[in-house]
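Engineer: Here it is, the structure in full.
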Ligand code: FAD
Ligand code: NAD
């Protein structure tokens, strides 16, 4: 029987990064993945393919709607070849997952293909083409998550679909009904809206992206409505029925009136659930909580002291970069180091256009905690860079402590916000004040000037260009 210092179950961004860090620290490492392709949700049916389709559909929209005003004329009609678009997305996925195979080999990590389950706290059974058993001093559970649904919905994967199917549709829907106005619903909704679908979002809460700062929800809602998204917030879905090629969704609005939506596809994007099916966690003494997450302490250690868990399968944001940080954290903990993660500084991004990005506390959270804060906000449309590219929607908002001026949160919506948020993370990691950021030189013309201006505004109404 092969014996390892560390075995990792699951090869998503949590698992494969943990494996690399364990190997770097000199531990004999194995990774177990039930699918034949490494990379987990993120690389195969999550972050990477969704961004590939967002990019392709963005090019199409630019060609149809914006090239002309830039003085670019296309003789004839611009057409979508969805099959080719999906094939390019798959090529990007294949290249990216192939890169993980390379990294496993480079770091001398043994890869097992099959479903991993606990025999006991130090032995794992792997059921693939054949059944194997390995011994592991330490195990890291990185089994991720799967789409969740509502009890009365039958996901048939043809017309009533999750994000996984939405990434490989064979036709552009005529009318896509999206249940859940969160990250997946809006990103994939934008893909198909750009490609010509009518899109109706049905959201239970009173605003889209309800966990983010309300100012961001409001601005994104405005932009998407301008793009003819049909937004239905404060709607409680009560049935989803498929009749032939039609899907009928019934919901009650805020006043209790029934609203009926008829479309040809329905995307269910109401969140994801931790995935532990087939793991036999109890055999190792690993306890799950009432939300089905693997319960962990502050060292990400489960109730079995030699077993750790990371990523979507534990509490916290379901984000690839959070899973990666936790992978490194656990590898270093097992190696006897004392790593640290500041969960407050894990940024959240929605890759619509304009992009939405945030780090730290929202205004709502600061109000609730009774923290005295000040706000500096700067509109993208006041930037020369934004006017040059005609990306004028959005703003940057800096929240700073009223007494100390320390930055407590940065919330932005606009072109390239996904990349710009890194500046806010760095500033907050070093506990910068709004004045610190306002006195740093930002290249002109760039979108990042909006961060400096918002920091100036927070420092005492000192923004220069409004
Ligand atoms: P996963 O990536 O889910 O990987 C878990 C792996 O474990 C899977 O490969 C699974 O097959 C394997 N596994 C499970 N059980 C077993 C077992 N018993 N034996 C062997 N193998 C097993 N996050 C971002 O940060 N940015 C984004 O832009 C983004 N976009 C997304 C878009 C979509 C459409 C979706 C669905 C998700 C997106 N996410 C994004 C979320 C991101 O994909 C997850 O947070 C991330 O993949 C979690 O990583 P993980 O390693 O915890 O688990
Ligand atoms: P989400 O939590 O972002 O959004 C779910 C939405 O569904 C919420 O707005 C919620 O209020 C709504 N909802 C819940 N129950 C409902 C009901 N009964 N009727 C109507 N609406 C309902 O979840 P998601 O969009 O499914 O994404 C799943 C996870 O994947 C998220 O945790 C997210 O972090 C991750 N993800 C991240 C990215 C990114 O980082 N860009 C992209 C995609 C997915």
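Going from the start of the chain as shown, residues are counted 1 onward.
For all residues, glycine too, the Cβ spot is worked out from N, Cα and C.
All annotation found in TrEMBL is predicted automatically rather than curated by experts.
Take a look at what TrEMBL says about it:
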- 444: active site, proton acceptor (ACT_SITE)
- 51, 116, 143, 144, 145, 312, 318, 319, 320, 321: FAD binding site (BINDING)
- 180, 181, 182, 183, 184, 185, 186, 187, 203, 271: NAD(+) binding site (BINDING)
- 42-47: disulfide bond (DISULFID)
- 4-327: domain 'FAD/NAD(P)-binding' (DOMAIN)
- 346-455: domain 'Pyridine nucleotide-disulphide oxidoreductase dimerisation' (DOMAIN)
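Buried or exposed, and what's around them? Tell me for each listed feature.
Structural biologist: In the structure as shown, the Cβ atom of residue 444 (active site, proton acceptor) sits within 10 Å of 11 other Cβ atoms. Residue 444 (active site, proton acceptor) falls within neither a helix nor a strand when secondary structure is assigned with DSSP, and so counts as coil.
Residue 320 (FAD binding site) falls within a helix when secondary structure is assigned with DSSP.
Neighbour density for residue 180 (NAD(+) binding site): within 10 A of its CB lie 23 other CB atoms from the protein chains shown.
Secondary structure at residue 47 (disulfide bond), as computed by DSSP, is helix. Taking a C-beta cut-off of under 8 angstroms and a sequence separation of 6 or more, residue 47 (disulfide bond) has the following same-chain neighbours: 320.
For the domain 'Pyridine nucleotide-disulphide oxidoreductase dimerisation' (346-455), the mean pLDDT of the prediction comes to 98.
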Engineer: Are any of the recorded positions 42, 180, 186 near ligand 1, with a Cβ under 6 Å from it, and if so which?
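Structural biologist: 42, in sequence order.
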Engineer: Looking only at 180, 181, 182, 183, 184, 185, 186, 187, 203, 271, the residues listed as binding NAD(+), what is the longest Cα to Cα distance in Å?
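Structural biologist: Per the listed residues, the maximum Cα distance equals 14 Å.
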Engineer: Should we count any of the binding-site residues 145, 184, 186, 203, 320 as near ligand 2, judged by a CB under 6 A from one of its atoms, and which?
Structural biologist: 184, 203
Engineer: Return the residues near residue 42 (disulfide bond) by Cβ distance under 8 Å, restricted to its own chain and a separation of at least 6 in sequence.
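Structural biologist: The answer is 12, 13, 48, 320, 323.
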Engineer: Sort the recorded positions 51, 143, 145, 444 by C-alpha distance from residue 184 (NAD(+) binding site) and give me just the closest.
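Structural biologist: For residue 184 (NAD(+) binding site), the closest Cα among 51, 143, 145, 444 is found at 51.
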